[in-house]
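**Q** Just passing along the structure, written as structure tokens.
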Amino acid sequence: MDSPCTSESIYNLIPSDLKEPPQHPRYTSLFRATIKNDMKKFKTAMKTMGPAKVEIPSPKDFLKKHSKEKTLPPKKKFNRCSPKKPAVPLRTDHPVMGIQSGKNFINTNAADVIMGVAKKPKPIYVDKRTGDKHDLETSGLFPKYINKKDYGITPEYICKRNEDVKKAQEEYDNYIQENLKKAAMKRLSDEEREAVLQGLKKNWEEVHKEFQSLSVFIDSVPKKIRKQKLEKEMKQLEHDISVIEKHKIIYIANK
């Protein structure tokens, strides 16, 4: 059995120089150049700290004497041929006083008030005891729209739009009929369309039932391939069902 003092040695008493571990390399961001370019876009010279990027003045444009002083505008020549303004009245001139009109303003104003149409008060309603007033027309309490002459009648623009849709459908049907003769296309009837739709839904239910019966753990390649195949079939069936449900009129080509 080893003694407990085997690790002790006299050489351990010799002082040794402690070596500092080397420093890790300084972190440098990979986006440093991108950030610098972005900062240069939004910064302007003479507005932020740092060396201002201004144009170096030319030695020829040195500062001259009186170059900073404001210059007077050019002197305009007085034109004596322009028309003169009327003279200022003298102090001795007095305006004509005592001119009166024969119009009776009192009777005229009274007649205007009597013959004028009385101002109708604005219809309002009060919903609180403190006198909170609101407009009656815009409140919805007054039957305004149901009393109109055209209430309940289909607007003209909707009738026009329906006619345009009907006309476009007729033109499309005529175009399809022409192509039917050329390409021998066949239109699916409502019964055939419903039968195809029900068949697709039935196929989807069968594939979905088979998909639900898969094991929880997919731990082999064949299981994974089978699961992907079932998912692809279900996705294709869902796409076909949505297309048939969305389009009421379907044409097929006779091969």
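Including glycine, each Cβ sits where the backbone N, Cα and C put it.
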**Q** Give the range, chosen from 1-25, 26-50, that Swiss-Prot lists as region 'Disordered'.
**A** 1-25
**Q** Motif 'SH3-binding' per Swiss-Prot: which of the ranges 83-89, 90-96, 125-131, 202-208 is that?
**A** 83-89
**Q** Under the DSSP assignment, what numbers of helix, strand and coil residues are found in the motif 'SH3-binding' (83-89)?
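**A** Counting residues per DSSP class in the motif 'SH3-binding' (83-89), I get 0 helix, 0 strand, 7 coil.
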**Q** In the same chain, who gets a Cβ under 8 Å from the compositional bias 'Basic residues' (73-83) while lying at least 6 residues past its ends?
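**A** For the compositional bias 'Basic residues' (73-83), there are no sequence-distant neighbours (Cβ-Cβ under 8 Å, at least 6 residues beyond its ends): none.
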**Q** Tell me, what is the mean pLDDT of the motif 'SH3-binding' (83-89)?
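**A** Mean pLDDT for the motif 'SH3-binding' (83-89): 88.
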**Q** Per DSSP, what is the residue tally for the domain 'Enkurin' (160-252) in helix, strand and coil?
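**A** Its residues divide into 73 helix, 5 strand, 15 coil.
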